[in-house]
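Participant: This is the structure I have questions about; it appears just below.
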Amino acid sequence: MNARVASIFFLLLLTAALPACGQNSEADLMAEGQRYMQEKNYQGAIVIFKTLLEQSPEKMEARFALGKAYLRTGKLDQAEKSFEKYARQNPYDAELLLETGRLKLFRQDYAGAAETLAAYTEKEPKSAEGFSLLGRADWAQGKDEEAKAMFEKALSLDPNQEEAELALAQMSLAQDDPDRAKSLVDNLLAASPDNREGLYFKAKLAGMQGDQETYRDTMKALVKAHPTDGYAKFLYAKTLLAEGDFDGVTALANELQSGAPKMPFGKMLKGMVSYAQKDYRAAVNAFQEAVAIQPDIEGYFYLGMSYYGMGDLETAISQLRVAADRSDDFLKAREMISLILFQQKRFNESIAEAQKIIEVDSNNVLARVILGDAYTAQGDPDMALGELKEITEKNPNFANAFIKMGALYYEKGEMGESEEALKGAMNAAPDNIRPRLVLSSFYLRNGDKDLAQKVLKDGLKGTPDDVPLYVSLARMSLLDKDSAKAREYLDQARSLDAKNPAPYMMLASIDLAERDTDSALAEYNALLAQREGFVRALLAKAVVLDTLGNAGEAVAAYKEAVKSGDATAYMAYAGSLRKAGDNEGALAVANEGLGHSAHNIRLTQLKADILYGMKRYEEVLEMSNGIEKINREAGLSLRTRTFVLMKEYDKAVAAARQMCDFNPKSPAGYLILADVNMNAGRSDDWGRALSEGVEKCGPDSALLLQLGRYYSSLGDYPKALTYFDSVIKSDGNSFQAHAMQGDVYLTTGRTNKAVDSYSRALELNDRYIPALNNLAMIYVEDPKTAPEALRLAYKAYLLAPWNPSIMDTFGYALAMNGKADTAVSILEKAASVQADDQNINYHLGYAYYKAGDREQAQARLKTVADCAQCEKSRDARELLKAMDGE
């Protein structure tokens, strides 16, 4: 229904309880009925007038009043019959024309209404109400100028004609004149502050203009003036929800449930609170009750979003589709469907949904972005570029589209076009630093470091927004091994924004790479002085203190970090306790974290890992049952992994197969099934599971990556590289593919190529632990690159301090950089976790040797030397021989 038609129905129909009327006289009954009409208690008026007509059927005044009451309660047929009976006795009553015209408006017979109301205003040229209704009829027919004239005529006759003033405000908004609309509605509300329709319109106008404060205050005033208006209360509660006032929303929800139990508003609000608090199961229950009361598209939308939060994507799609199919204009439901299908790698279906959105709204940016991403994933860059060009032509300030275009041109090898697109992004958003950073990265990757630096320096304005630019300049200086210049840039960044953590954290990493732990700790403390409780700084500080053997101070830092409730803090603290061999303490910390974030997948996985280390598999299986009720895939995944560790492979296969059957178009089940078969040593079944996944899900990147890994395990390195190259071609940002490519190059002795692949992976994700660790292991053997190895290894250690392989690399890098005592403490912890790992034993033996502890060095190295099949056996024998010769 368009704005004109919707505006016809400006009256909200009210009901009220009927008091007993007694045996009043006809005059008393008529007076009481008229009073009810003035009070807008139309239902009560109907009962009074019907009672009067039962006593005196010939009372035409009551008959006419009954028709008007019927009309105002939406009972159009009864109103028409009453008017017809009245017309037989009073055919020339001009007011009959007014009410008949009003009836025709309700029936959307706008031409008929205009004709009738024109006749009325001819008879009653001073009726402001008549001209106002005639204006409504004209406006609904698209006669804007005539309508405007009628509304203005009504106001000239009666400056307090609220309906006409509101209609002019609505018309002004429809004609894209919000300032006049605001002026008119403000004038209306100044004279009549409690006017319901005026308050609704003012709130709508504020919402459209993004003035959330005025919207909230207007809805609050509406609720105060009309406390029985449930919808107003619902809308007001949603403003409180946006502000995080969950208690206020819950209180209003309870009021609505008790005051209007047959309306869905109370249940909807409770569902929204649960959804905002990420209690998706409770949200699902509330929204299901809401749509059972009233099948509303918003209810189905939130129901779908709640299932999405639970990870039940298929049910989410089915509920969102109900919302999308009930209204073509409710585009956010279809947008979400398209996004979910994209996440599931169901690209053709995602494209189909996005195209439906474009049919309704050709300017929908999100739909075109999805289309571009889907075509990119399908390996069709030209189609993707076509969608992105549509965006930039209609939205020339949408920088992200230009950035995506630049990436596509780059992958096609069209460097000139890529550069122009990235420049376009910078021009589209000159005050946004991201396009500038991306363009600088483009020049750096192409070997033009000077131009890369120039792009960054040209963006410097002497404001806090410069910090990321200075950080990037510092990174470039580190590539040139110029740490002094890097420090200079970072000091400049810090002077512009003392609270930005990036300069402090990077300076600390430089200090650590240069073996200056005191300065690193000073940087963390300086940052914490600016940002008390900053989790990343506390955790980094704790790790350094732990490394230095200051266990008490490290624990204090961890405890301070977990006060934030951040899952990462709990994970780091628990990891530190695990590393120290305190599994019970680690388990207690993990449980405390889950008390704050009950459904956090990473904390759940950490708890499972701790229990695995304690061989308490049955407890993990019990956990998986509870998780499955919230997120079936996550629960089945955990159960499968547990069965693998218990070496009950048939049960693991059955659980993984359940995942595949539950969501046959999701790669997750096939990936886990493949992993089970890999661990069981069933090589053929491993490959078959991945091939089945590709058949059911299409060329999903994760499946192709694992196929590459599979062929790598078989020694078919060319085929493995083919799969990794395929992933990189379809998704140039796949850091995992670059890292796995590096693994193959490293295995086949192509070290330089491995370095390039790992470096590219870290350009895309500088926190990717496998690439950090493996590149550090390459660099650590060369004295020239050993300092960089230490920086990389330390970064990996900060991210996963409990991982024995990461501890091993970090400890060895410390030893190779002359910090043997610290290396020994790290490597001893790694060996305590993984005592049979001969690589760790070799590195620990080397660290003992460098620390001057020849006795322990010889004992460790002899163990490795005696292991004929061990990778480091020869190195251990040579080191022992060298020690004997000293």
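Using the three backbone atoms N, Cα and C, a Cβ is placed for every residue, glycine included.
TrEMBL does not curate its annotations; it predicts them automatically.
Pasting the feature list from TrEMBL:
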type   : residues : note
REPEAT : 60-93    : repeat 'TPR'
REPEAT : 128-161  : repeat 'TPR'
REPEAT : 264-297  : repeat 'TPR'
REPEAT : 399-432  : repeat 'TPR'
REPEAT : 701-734  : repeat 'TPR'
REPEAT : 735-768  : repeat 'TPR'
SIGNAL : 1-22     : signal peptide
Participant: Would you kindly list the residues that approach the repeat 'TPR' (128-161) from elsewhere in its chain, counting only those six or more residues past its ends and only Cβ-Cβ distances under 8 Å?
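Facilitator: The answer is 4-5, 7-8, 98, 101-102, 104-105, 108, 110-111, 113-114, 117-118, 120-121, 167-168, 171, 175, 191-192.
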Participant: Against which stretches of its own chain does the repeat 'TPR' (701-734) lie, if we need a Cβ under 8 Å and a gap of at least six residues from its ends?
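Facilitator: Distal contacts: 345, 376-379, 407, 410-411, 667, 670-671, 674, 678, 683, 686-687, 690-691, 693-694, 740-741, 743-744, 747-748, 764.
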Participant: Can you name the far-off residues of the same chain, 6+ from the ends of the repeat 'TPR' (399-432), with a Cβ under 8 Å from a Cβ of it?
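Facilitator: Apart from its flanks, the repeat 'TPR' (399-432) reaches 365, 368-369, 372-373, 376, 381, 384-385, 388-389, 391-392, 438-439, 442, 446, 465, 729, 732-733.
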Participant: Along the repeat 'TPR' (128-161), what average pLDDT does this model show?
Facilitator: 92
Participant: Taking DSSP states H, G and I as helix and E and B as strand, how many residues of the repeat 'TPR' (701-734) are helix, strand and coil?
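Facilitator: When I sort the residues of the repeat 'TPR' (701-734) into the three classes, I find 27 helix, 0 strand, 7 coil.
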